[in-house]
Amino acid sequence: MPLAEGSTFAGFTIVRQLGSGGMGEVYLARHPRLPRQDALKVLRADVSADGEYRARFNREADAAASLWHPHIVAVHDRGEFDGQLWIDMDFVDGTDTVSLLRDRYPNGMPGPEVTEIITAVAEALDYAHERRLLHRDVKPANILIANPDSPDRRIMLADFGIAGWVDDPSGLTATNMTVGTVSYAAPEQLMGNELDGRADQYALAATAFHLLTGSPPFQHANPAVVISQHLSASPPAIGDRVPELTPLDPVFAKALAKQPKDRYQRCVDFARALGHRLGGAGDPDDTRVSQPVAVAAPAKRSLLRTAVIVPAVLAMLLVMAVAVTVREFQRADDERAAQPARTRTTTSAGTTTSVAPASTTRPAPTTPTTTGAADTATASPTAAVVAIGALCFPLGSTGTTKTGATAYCSTLQGTNTTIWSLTEDTVASPTVTATADPTEAPLPIEQESPIRVCMQQTGQTRRECREEIRRSNGWP
């Protein structure tokens, strides 16, 4: 249960909640002794209860607290109170790049602004790498901008020390990666292999791609498909998304290479090449060999956990991806065979509308053309048909339900899970009840909640919602 405003936790006075996710909540809180307000992150009790997790949390929080850099959100303190781990960080009064994309630049940010952001974050990452600390969760949501409309704005990277543990024994991080971080994670991180700074460089490049185009490099409603694309698909050419960015194609081809050895050795090398191609300073052919900093390997037991847990999760997701891919090819064949029948024409009040088959790719914008009495409008839909309650990303994208209603990729309250919803804001926890199916084993809450969201928003039965979500997610 979230902490109430005015309540006290570990000596901090809660001012208000700033956000929440699958691992806990973040609050604006008054420091117990100093005249300042901090960001207090409180982890859930079930997360905090894991002994190995707690030890790693304390170890990495201590390491993060040693970082002192103008572009890193500082960690001041950490502890445990009433069975919950907490960490005290700088409060950044401003926004994040996800909000900037949503509110100001839905089709991508200006090149000079992206260069400034990526350069600042690259410097922060290389500073941490030199001190043998990885971030492992670089993404737009973790890039904060203080005083965004002021000349003295600050760009800061958040969540060092508490984000992206790929060997999380509780499975929470792996679950989170399937719906969010997976859009930016390097192949070796998804496979649970040993990491160095080039994994963060990959994530930084994927983030830059998103900032420049308005969407991450690989997109699909099913996270399993995105994982398979990170592992095997060629890096997308950014010029195919935004033609004027074609000069950046070789930069992203290198930065998003599957093998770490083929990428830029340091994050600032990538930022320099990006800035040069966008018209800033830097050397596009900077091939100086800078040895990546190898982060100290964890104990053998942790490596074994990584080798077992992450590939196990990945194997399950890849099975899903194969099923989805086969289904997509079959559907594509069916559509090609029946293309004339799939284009339907309806006439109403002298207006003819041709509707092409739905596509998961982002088509070029279409402008209706009017021709007097026989007005004709031809439009290609910009969103795929989706199932309410099914997994989705990126956050803020839109789709169309089978009834023609607009669906929004929104966050399910109290989790990091993003699902299709008929409401644009955070999806409230469902209140509808459902009769248990005696033929089905009880589902975990993370699977049951989206089903009930579907029931509540669409009026369908539990079985109907479950089957639609199962098909959409590619589950067997």
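Glycine too: its Cβ is placed from the backbone N, Cα and C atoms.
Lifted from Swiss-Prot, the feature list:
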MOD_RES   Thr8  phosphothreonine
DOMAIN    12-279  domain 'Protein kinase'
MOD_RES   Thr13  phosphothreonine
BINDING   Leu18, Gly19, Ser20, Gly21, Gly22, Met23, Gly24, Glu25, Val26, Lys41  ATP binding site
ACT_SITE  Asp137  active site, proton acceptor
MOD_RES   Thr173  phosphothreonine
MOD_RES   Thr175  phosphothreonine
MOD_RES   Thr287  phosphothreonine
REGION    332-376  region 'Disordered'
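A map of Swiss-Prot features onto the structure.
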{"residue": "Thr8", "record": "phosphothreonine", "Cβ within 10 Å": "14"}
{"residue": "Thr13", "record": "phosphothreonine", "Cβ within 10 Å": "17"}
{"residue": "Leu18", "record": "ATP binding site", "Cβ within 10 Å": "15"}
{"residue": "Ser20", "record": "ATP binding site", "Cβ within 10 Å": "19"}
{"residue": "Gly24", "record": "ATP binding site", "Cβ within 10 Å": "22"}
{"residue": "Val26", "record": "ATP binding site", "Cβ within 10 Å": "19"}
{"residue": "Asp137", "record": "active site, proton acceptor", "Cβ within 10 Å": "26"}
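On the 0 to 100 pLDDT scale, the model's mean across the domain 'Protein kinase' (12-279) is 88. Restricting the recorded positions Ser20, Gly24, Val26, Asp137 to those with a CA within 10 Å of the CA of Thr13 (phosphothreonine) leaves an empty set. Val26 (ATP binding site) sits 14 Å from Thr8 (phosphothreonine), taking the C-alpha atoms as the reference points. In the three-state DSSP scheme, Val26 (ATP binding site) is classed as strand.
Between Ser20 (ATP binding site) and Asp137 (active site, proton acceptor), the C-alpha separation comes to 16 Å.
Note on proximity: of the recorded positions Thr8, Leu18, Gly24, the one nearest Asp137 (active site, proton acceptor) is Gly24, by Cα distance.
Geometry remark: Gly24 (ATP binding site) versus Thr8 (phosphothreonine), CA distance 17 Å. Of the recorded residues, Leu18 (ATP binding site) and Thr8 (phosphothreonine) place their C-alpha atoms 16 Å from one another. Taken residue by residue with DSSP, Thr13 (phosphothreonine) is part of a strand.
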